[in-house]
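> Structure incoming, see below.
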Amino acid sequence: MGGEQQHYYGKHGTPQKYDPTFKGPIYNRGCTDIICCVFLFLAIVGYVAVGIIAWTHGDPRKVIYPTDSRGEFCGQKGTKNANKPLLFYFNIVKCASPLVLLEFQCPTPQICVKKCPDRYLTFLNARVSQDWEYYRQFCIPGFQDNKGLAEVLRDGDCPAVLTPSTPLAQRCLPAIHAHKGVLMVGNETTYEDGHGGRKNITELVEGAKSANGVLEARQLAMQIFEDYTVSWYWIIIGLVIAMVMSLLFIVLLRFLAGIMVWVMIVLVILVLGYGIFHCYMEYTRLRGEAGSDISLMDLGFQTDFRVYLHLRQTWMAFMIILSILEVVIILLLIFLRKRILIAIALIKEASKAVGYVMCSMLYPLVTFFLLCLCIAYWATTAVFLSTSNEAIYKVFDDVTTCPVIGKTCNPETFPSSNESRLCPGAHCQFAFYGGESGYHQALLGLQIFNAFMFFWLANFVMALGQVTLAGAFASYYWALHKPDDLPAFPLFSSFSRALRYHTGSLAFGALILAIVQTIRVILEYLDQHLKAADNKFAKFLMTCLKCCFWCLEKFIKFLNRNAYIMIAIYGTNFCTSAKNAFFLLMRNIIRVAVLDKVTDFLFLLGKLLVVGSVGILAFFFFTHRIRIIQDTAPSLNYYWVPIMTVIVGSYLIAHGFFSVYGMCVDTLFLCFCEDLERNDGSQERPYFMSPDLRDILLKGSAEEGKQAEVEE
């Protein structure tokens with residue numbers, strides 16, 4: 001570098017004179033991007049208003065409880081149907097009508113009942129027998145026994161026939177079973193339709209399938225919920241183990257960075273190797289077992305994921321994936337072996353910085369708490385918005401020639417209306433939730449605004465965390481005599497500076513990212529609707545747009561992260577900080593490739609080590625393969641539920657701890673590049689980097705430069 005360097009590249013990207021008073025993050029700074037701060041405040045006020053409107057009109061009970069033909073909830077406390085939790089269909093066969101897909105409701109009367117029918121009865125037989133009182137509980141409330149059969153069936157007062165049924169997702173569906181390959185209800189293969197004729201059980205099956213369109217998903221959700229209720233204690237223990245492992249790893253990095261990195265690399269290779277070995281043993285064990293050679297394509301999608309573990313092809317796929325991952329990691333380690341040594345030096349320096357600002361390890365909890373608030377508000381508002389429609393009643397009739405079928409009606413006035421006289425057999429019943437008011441027409445726009453605000457606020461929370469950590473670690477780097485020159489409470493000082501002066505800049509960066517993410521969500525929504533259309537050009541264009549915006553989002557995240565570091569140090573606005581950070585990185589592009597990305601790779605290995613170790617432990621525990629404590633593990637519907645929860649939670653916990661290190665490395669790296677341009681190592685302009693870091697980084701940079709010259 002030498003004493004020839006008289007300038008550094010300042011806040012406008014042009015050579016500036018050396019500033020001997022600069023000693024890290026500037027304290028005398030002004031507010032930046034005030035307009036964006038005002039916009040954020042107004043947007044939050046609007047977001048609160050949308051939430052209040054949604055909470056006023058919405059009713060989450062529409063999602064939880066089934067609804068009868070009058071739009072009343074079954075089993076909901078405080079209503080007249082509180083002791084009637086099940087929904088009963090008068091004629092389940094009509095649920096096979098295409099109208100179900102259009103109106104989201106079966107065109108047959110539905111009532112709430114205490115329990116499902118457990119015997120086979122027809123209206124004609126029950127009316128003249130001792131079963132009449134039992135039969136009447138499945139008629140509409142208030143039914144008066146003064147009508148003939150034709151009038152009862154026309155008005156939809158009672159079902160024509162009862163069949164033995166079982167409850168599924170709070171619905172009574174026919175208890176159909178197979179005996180020697182023949183479908184039966186009870187002991188019958190046919191049933192009376194209540195009009196003197198007999199029908200095949202397969203017609204009940206078709207109706208039950210349509211009525212059960214979303215019930216299987218709800219049943220799956222209920223079983224998953226049951227698994228959580230019996231395994232939540234063990235899930236928390238698994239997450240605590242992941243937290244302890246992550247914290248222990250971080251603490252050991254503080255004192256044994258070099259050794260821990262190599263131990264981590266070896267352990268990752270061993271964990272993946274064991275995974276490959278276990279998959280091979282399972283693949284070999286299933287050889288010759290009945291049904292194990294069925295392909296995944298022939299099996300199709302199954303809600304019970306345990307079925308897949310009995311297929312040899314599943315374990316072969318796992319083994320191939322792990323083998324590819326193992327080979328890729330080993331090849332990367334071979335080609336990056338010299339650069340890893342340089343990255344370890346940067347990690348050692350980051351360990352020192354984290355050690356002096358130890359409270360930074362707790363800051364991810366603040367980010368996690370704020371993100372939970374954003375997610376909770378968004379999810380609650382989304383549910384209330386989606387359930388803020390009104391009950392819509394429409395005319396249903398068995399006769400397709402009725403001219404008023406499908407028109408809206410009022411169930412209270414329908415019996416005396418003109419529509420009732422035009423179609424004597426028609427009845428007015430609940431169809432779906434909707435509305436034609438201005439508010440109901442704006443629901444889609446409000447949902448988009450809800451998603452946009454969630455992205456904006458979530459990105460703002462992430463930006464606040466990045467600026468806070470960057471300011472604290474920059475204070476460490478620019479302290480000439482470490483740690484004596486380190487200011488008191490660097491993390492709190494950085495947090496207060498970020499909120500006081502740079503809320504607008506953080507909002508600006510988060511806004512740009514939120515716009516791109518919202519566009520990506522809209523593209524995904526459009527892509528789902530275009531899948532049914534056979535337009536190859538539209539699919540190609542949609543794929544290109546999705547790819548472009550994915551790349552744009554990744555670039556903006558990278559640029560924002562480095563811009564926030566410059567904001568934390570210099571207090572400049574977002575655009576200036578982003579420009580200065582970008583050009584600073586471009587002037588040090590070789591170092592970016594050598595150091596920044598290699599350390600990211602090493603941290604990724606650390607996350608994989610934590611997640612892999614805890615995941616393997618959870619797999620053996622919940623599958624009862626640890627003999628010492630196999631009786632302690634709970635019985636589950638799907639053991640993959642707690643396993644996947646532990647794996648995802650472990651990754652988030654490990655990511656939270658390692659993200660502090662990642663932000664520290666990025667900050668120190670950017671400060672290092674700035675230090676090289678500001679100073680020359682002389683007594684008048686000494687480097688702020690530690691001697692060990694200077695020797696390794698400058699040596700590594702010189703070697704990279706010589707290698708680049710040779711390649712040219």
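Note that Cβ sites are derived from N, Cα and C of the backbone, with glycine treated the same way.
The transmembrane segment annotation in TrEMBL covers 34-55, 232-252, 259-277, 315-336, 356-379, 453-480, 501-523, 564-586, 601-624, 636-658.
Show me how these features fit into the shown structure, please.
For the transmembrane segment (34-55), the list of distant contacts is 377, 380-381, 384-385, 388, 439, 446, 449-450, 453, 456-457, 460, 503-505, 507-508, 511, 574: same-chain residues at least six beyond its ends, Cβ to Cβ under 8 Å.
Same-chain residues lying 6+ beyond the ends of the transmembrane segment (232-252) with a Cβ under 8 Å from its Cβ atoms: 260, 264, 354, 361, 606, 609-611, 613-614, 617-618, 621-622, 633-634, 642, 645-646, 649-650, 653-654, 656-658, 660-661.
Outside the transmembrane segment (259-277), and at least 6 residues removed from its termini, the chain residues within Cβ reach (under 8 Å) are 249, 252-253, 318-319, 322-323, 325-326, 329-330, 333, 340, 344, 347, 602, 605-606, 608-609, 612-613, 616.
For the transmembrane segment (315-336), same-chain residues at least 6 beyond its ends with a Cβ under 8 Å from one of its own Cβ atoms are 265, 268-269, 272-273, 275-276, 279-280, 282-283, 286, 296, 309, 598, 601, 605.
Long-range contacts of the transmembrane segment (356-379) within the same chain: residues 51, 247, 250, 450-451, 453-454, 457-458, 461-462, 464-465, 468-469, 472-473, 475-476, 482-483, 486, 490-491, 656-657, 659-660, 664, each at least 6 residues beyond the stretch ends and with a Cβ under 8 Å from a Cβ of the stretch.
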